[in-house]
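Take a look at the structure set out below.
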Amino acid sequence: MATPAAPRTISFADNNDNQPNQQQRGRGRNPKPRPAPNNTVSWYTGLTQHGKNPLAFPPGQGVPLNANSTTAQNAGYWRRQDRKINTGNGVKQLAPRWFFYYTGTGPEANLPFRSVKDGIVWVYEEGATDAPSVFGTRNPANDAAIVCQFAPGTLIPKNFHIEGTGGNSQSSSRASSNSRNSSRSSSRGGRSTSNSRGTSPVSHGVGSAESLAALPLLLDLQKRLADLESGKSKQPKVVTKKDAAAAKNKMRHKRVATKGFNVTQAFGLRGPGPLQGNFGDMNYNKFGTEDPRWPQMAELAPSASAFMSMSQFKLTHQSNDDKGDPIYFLSYSGAIKLDPKNPNYKKWLELLESNIDAYKTFPKKERKPKTTEDGAVASSSASQMEDVDAKPQRKPKSRVAGSITMRSGSLPALQDVTFDSEA
């Protein structure tokens, strides 16, 4: 990736360092010493959280647009910044803010990629690596914050506001402050360029308010052009009825559960049956692979190669279909080792304990009592039904042969699916 152009230097004849007998303007006093720049400042404006729901992005989304980055570099984390203010009635909590940092930079520079930590949300693009980023962090005395922009089709979490957008006074004051910072950085020239760590996400230029206002549009256009040239579309696919039907027609073990095609629709109800899964709480059943915890869950799943190479398989003939062809079931078992040295070890145990057999704690729907034609509630007690003539029971309808769910009662219990590998 090309290095961004250096900032343009603006100098004046009366403040050139090479001129002799240089005199200062104004009050004639020496400037106040400035502290060292904060090396944990994000390149982008933050997200303000106005609700209780935590920050979460679907897989492959959540990385701000960067005109100078490649797909492999688009990975990092959002870090929550809790705020509070002292009032006359005590301490008042303010709305939290979230800031984005590239992998290996910022306050959590030493945190391994996708490690679990409170207040940290990892995001990455498809094809991104876990290598430390070359973009570093921002020097606020030199560079103004970039208004955070996302790829088209990105689902912004509900009750989150992108700072620097909209017409409120907060964003207006921030924009004017950015303009002043940019003007100061331009007048300082090359002396301030060494304060920013790493490579900038954007090409530098004269820090005017017009250039800052046009920057988000420029980033969006450059990203769309790159997507068109590579033949990729970043917009998430909208699940239609036709798509849902096609997903349902896939083989059961090849389906993928999402929010639009949840776990129950894809794989059936959770339960103890031989063809039922016993993993998943209410949130996982609802969101599937779009659950914010999915990256940690997926680390427990074996790859296709590991599954075929580590499992004990058994082929069982169950029955025949309508044409007389035999129906077989492939059962498998195995185990994996959870390494205590892994940084996600405690998170794995927490996920397993909260999701294994979680269906046993699901609330049961109460059946409403049936009412008669005159509006009276029918009672099921034997004393009230003595005078009612017993109706002959109907013969149960014949079931269609070949249905997996209808034959589950006759199947032998399958062993739990676990896998054995040395981490």
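Even glycines carry a Cβ here, placed using N, Cα and C.
Summarising the annotation, Swiss-Prot assigns region 'Disordered' to 1-41 (among others).
Feature annotation from Swiss-Prot assigns compositional bias 'Low complexity' to 13-25 (among others).
Here Swiss-Prot flags 33-175 as region 'RNA-binding', drawing on sequence analysis.
Computed over the domain 'CoV N NTD' (39-164), the whole-number mean pLDDT of the model equals 88. The feature domain 'CoV N NTD' is assigned by Swiss-Prot to 39-164.
Taken from Swiss-Prot, the feature RNA binding site covers Arg83, Arg97, Arg138. DSSP assigns Arg83 (RNA binding site) to a strand.
For Ser133, the entry in Swiss-Prot reads phosphoserine, with the evidence type sequence analysis. When other Cβ atoms within 10 Å of the Cβ of Ser133 (phosphoserine) are tallied across all protein chains shown, the result is 23.
Taken from Swiss-Prot, the feature region 'Disordered' covers 159-207 (among others).
For 168-200 (among others), the entry in Swiss-Prot reads compositional bias 'Low complexity'.
The feature region 'Disordered' is assigned by Swiss-Prot to 230-252 (among others).
Under the heading domain 'CoV N CTD', Swiss-Prot lists 240-363. In the domain 'CoV N CTD' (240-363), the DSSP tally of helix, strand and coil residues is 52 helix, 19 strand, 53 coil.
If you look up Swiss-Prot, you'll see 363-407 (among others) marked as region 'Disordered'.
Sequence annotations record features per position, and here Swiss-Prot assigns phosphothreonine to Thr405.
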Counts of helix, strand and coil residues, the region 'RNA-binding' (33-175), according to DSSP: 10 helix, 41 strand, 92 coil
Sparsest-packed of the listed binding-site residues (Arg83, Arg97, Arg138) - C-beta count within 10 angstroms: Arg83
Residue pair Arg97 (RNA binding site), Ser133 (phosphoserine) - Cα distance, angstrom, rounded: 23
Rounded to the nearest Å - Cα separation of Arg83 (RNA binding site) and Ser133 (phosphoserine): 28
